[in-house]
Amino acid sequence: MRPSGRTPEQLRPITITRQYTCHAEGSVLVEFGRTKVLCTATVTEGVPRFLKGKGQGWVTAEYGMLPRSTHSRMHREAASGKQGGRTLEIQRLIARSLRAAVDLTKLGENTITVDCDVLQADGGTRTASITGACVALADALNWMLAKGSLKTNPLNFMVAAVSVGIYEGAPVCDLDYDEDSSAETDMNLVMTETGKMIEIQGTAEGEPFSQEELMQLLELGKQGIQQIIQHQRQALA
C-alpha cells in the first residue's frame, strides 16, 4: 500500500494554472499534489555567442528551490554565489527536454529562458518543472506569434515527465517524498506526446532491478505521461 493510498498507476492531483504572473511572456504554476513549481518563460532578442550568425534560436532553463520549500530551511544558493551539482543537473535536463520539442531554426535569433522555481517540494520537482515549463514555453511562443516575431510555431509537440519507481517491491508512478525517500528503484522519464523517449534516468537505490521490472516501469511511466499531456492540452485549450 502506498502511503497516500493511491493505486500503483495513480498520479497525484495535477493543476496547471497559466498566466500566473503578469510580466513574463509565459508563466505557469504547476502542482503535482503538494509539489508546486512556478515556471516563467522569458523571450529575449539574440542568441549565445556560439550560435551567432547561424540563423537559429536557443531555449535554456534555470532551476532553483526556495529555502523553505522543504521540511527544513535550505541554504540559499545565491548567498554562496555557487549553484550545486544537483541544481545544474536538473536545469540542464529541463533545457534538453524543451529543446527536443522545438525546431530552433524556426525561432529566429531569439532566446527563451525558462525559470523553474520550486515553491513547495514533495517529490518529483524536476518532472513537475519539465511539465510546467513546456506549457510556459508554449505560451511564450504564442506571444511571439501574436506579436509577429515568428511566422510559424516552432513547437513540434508537447513534452512532459514523471517519476516511476519500485516501492516496497511494487512498481509505482509519480512518487511523492515519502515514497521517493525509501524507494528501492527511482527513475525519471521524459517523453513526447507522440510517445517517444527524450530521457531516462534510473538508479537502483537498494535492490538491483530486472529487465522485466524496467519494462514495467517504462510502460507505467508512458501511461502516466499520456495523462499529464492531457492536462497540458486542457490547460492550453
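Glycine residues also receive a Cβ, built from the backbone N, Cα and C atoms like all the rest.
Record check: Swiss-Prot places GLY124, THR125, ARG126 at the phosphate site, and the matching candidate among ARG86, ARG99 is ARG86. Looking only at other Cβ atoms within 10 Å, the busiest spot among the binding-site residues ARG86, ARG126 turns out to be ARG126. For GLY124 (phosphate binding site), applying a Cβ distance below 8 Å and a minimum sequence separation of six or more within one chain yields PHE32, THR35, VAL162, SER163, ASP174, LEU175, ASP176, ASP180.
Counting every protein chain shown, 24 other Cβ atoms lie within 10 Å of the Cβ of THR125 (phosphate binding site). For the phosphate site listed in the record, the two most distant Cα atoms among ARG86, GLY124, THR125, ARG126 lie 13 Å apart. Using the Cβ center of ARG86, GLY124, THR125, ARG126 for phosphate, the list of other same-chain residues with Cβ within 8 Å runs, in sequence order, TYR63, ILE90, VAL118, ALA121, GLY123, THR127, ALA128, SER129, ASN188. DSSP assigns ARG126 (phosphate binding site) to a helix in the three-state reduction.
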